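Peer 1: Quick paste from TrEMBL:
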| type | residues | note |
| --- | --- | --- |
| TRANSMEM | 12-33 | transmembrane segment |
| TRANSMEM | 45-71 | transmembrane segment |
| TRANSMEM | 97-120 | transmembrane segment |
| TRANSMEM | 140-158 | transmembrane segment |
| TRANSMEM | 189-211 | transmembrane segment |
| REGION | 222-265 | region 'Disordered' |
| COMPBIAS | 228-240 | compositional bias 'Basic and acidic residues' |
| TRANSMEM | 303-322 | transmembrane segment |
| TRANSMEM | 364-386 | transmembrane segment |
| TRANSMEM | 407-426 | transmembrane segment |
| TRANSMEM | 488-509 | transmembrane segment |
Amino acid sequence: MAVPGVVIAAGWIPFIVVLVLTLLFSGFYIRYFMHKYDSEVSTTLTAIFALTVTLLTSALVPVDIFLVSYMKDADGTFKEWANNSSVRDETEDTVLIAYYVLYAIVAFCLFLFLPFMYFFYEEKDENSSCKSRCCTALKYSIVTVLIAATFLLIGAFVPTKSNPNSNSTDWKKIEALFKDMASNGIEDALSFVISTFSLIGMLGIMTYTAYGMSALPMDLVKGQSSPRSERLKTETERDERKKKRQALREKFANRSSMSSRARRVDTTLAEEERLMSRRERHLVASEKSWCRKCMILLRPFEIIMGVVFFLMALLVFISLLLTNIDKAMHSMGYLSGYALPERHLPNPVDIALVYSQKAFPLDYILMVGIIAYFVLCSMSGIRNIGIWFLWIKMYKIRPRRTSPQGLLMFCMILMFVVLAINVVLYELTPQYSSFGSEHYMNFTTENNVTSSSVKQCTTAVSEDLCVVTRMTLLLVRFFYKMWVFGAAYYWLTWAFLGTFLIGFLVAVIKKRRSAISGEVDEDDFEESDDELIRG
C-alpha cells in the first residue's frame, strides 16, 4: 500500500512553508546587516543561499519526527497504510535522502562555495578582471577541497567499532537501531565529515549560543539607555578631550615642537574627539527619530519577551542538565558514545513535546520554535561577541555595516552551529526526537494468561514494533561505531551548561546597551555618516 497523500501533505507542506519563510527571513536578515557602501551582489546572494540551507537543515527534523509518529495510532498499532514494512522503509528512506542531500550541500558550501566567494571578493580591485579573480579564488579554494578529500578518506577507511552480536547486552539495549545500522563506506565518510562539522559546531554552541541564551533575555529586559542622557554624557566627555588638547597645545608653541609622546597623545585625543562628534550626531538623530518614540510604546512587550526568553533558557538548561545526569547514571558508557537506551529522569521539554503531539500541529510548532530559539540565540551571540581568530577580532556583525567577508564568515560559523543544534536537540529531547509520540502494544504472559499494555517506544524495542527517526539513527549509529564523537558531544554539553552560567553572570553585570549600539565604531569610514550630515 502506498503512503496516503494526507500523510505526505501533513509532513511536507509545513516544510515547504518553512522553506519559503526561511528564504524570506534570510534575505531580509542579510540585507539588514550588509554594508551600505561595501557590498557585492554575488556575495550577498551567496550569503542568503548559505543561510537558507543552514536553517533548512534543522527544519527537516520536525518532518522526520512527524512521519514516524503518524505511522501509529494511540493504541500502539500501526495504521493501515504503515502495516507493510516496505512502505515504512520507503517513507523513512525519503527523509534519509533529504538529510544526506542537505548535509552534502552544507559540506559543498563549507569546503568550496563559501571559501571561493570569500577569496573572490578579497581579490576585488579596479584593475582585476572577473576571470583573474575567479582563477585566484579557485587556487586558494583548492586547499579547502583537499581538506574535504582528506576527511572523506579518513571517514571511509578509518577502523570503526563493529556491530555487536545478537547475544550481547549492547544488542538487547539498542536492538531496534542496530538492525538499521548497515552502511557503506560512502555513508561512513559523509557521517564522519558531518560529525566533525558538528563537533566544531559544538564549540560554537559552547560560546556563541550559550552567551546568546543568557545575554539576549537580559538585553531585552534592560533595554537601551536614553539617547538624551547618553548625548549629554558624550558632550561632556568631548569637551574634556577638547580642553586636554587645548592645554597640550598651549604647552608647546606648535605641533612640530612636541615630543613624540605628546604628538601621540594629541593624535589620540583628536581621534576620540572626532568619534564622539559622530556619536553625538547619531544620538541627536536617534533622539528626534519617530521610530524611537514609537518603540517606547512597545517597551512592555520587549520586557515580556525578555522574561519569556529567560524562562525558555532556564527550561533548556534544566532539561539538558537532567539528560546529562541521566546519561552519567544510566547510559551505555563512553565506549558507546554515552548512548541512552531509555529515559529515566524526567525531562520537562521532552515530556511537553511528547504530550503536545496529541494536539497536532502543536508539537510541530513547539519544535520549530525551539529550533528558531537556538538559531536566534546563536545569531545574537555572534553579533555580540563578533568573529574572532584566536585573540584577533576579525569581523563585527553590525546592522548595515557588516563587510561581505564578515557575512560569509557569519554564515560559515552558523552552518557549523546549526549542525550541532541537531545534536543538542537529541540531547534535549531524547524520547521525542527518537520516536515522537510512538507507543507499542506490549504483550505479557503469566499463568497461561496473556495481557497487553500500551508503552512508550524505546531503543530496546524491536524495529517491527517501533520506528526510530533517521536523525537519531544517524547520530547513535555513528556514536556507537566511533565513540569519540558521542563522548565529545557529552562533555561539551557540560561545558555548554557551564558557559551559560558564566554568560548569565556577565549579562547581569553588563550595563545597558547604547541607544546607537552598532551604529558608530572607530573603524568606520567618514562617509558612513553622510546621510546624517545631509539630513
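Residue positions begin at 1 at the first shown residue.
Cβ atoms here come from the backbone N, Cα and C positions, even for glycine.
TrEMBL labels come from automatic prediction, so no person has curated them.
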Peer 1: When DSSP states are grouped into helix, strand and coil, how many residues of the region 'Disordered' (222-265) land in each?
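Peer 2: Within the region 'Disordered' (222-265) the tally stands at 35 helix, 1 strand, 8 coil.
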Peer 1: Is the count of Cβ pairs under 8 Å between the transmembrane segment (189-211) and the transmembrane segment (364-386), pairs 6 or more apart in sequence, 3 or more?
Peer 2: yes
Peer 1: With a Cβ cut-off under 8 Å, give me the same-chain residues at least six positions beyond the ends of the transmembrane segment (303-322) that come close to it.
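Peer 2: For the transmembrane segment (303-322), the list is 213-214, 216-221, 223, 345-350, 370, 373, 377, 424, 427-429, 493, 496-497, 500.
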Peer 1: Between 12-33, 407-426, 488-509, who has the most Cβ pairs under 8 Å to the transmembrane segment (364-386)?
Peer 2: 407-426
Peer 1: At a threshold of under 8 Å on Cβ distances, which of 97-120, 407-426, 488-509 pairs most often with the transmembrane segment (12-33)?
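Peer 2: Going through each listed stretch, the top one turns out to be 407-426.
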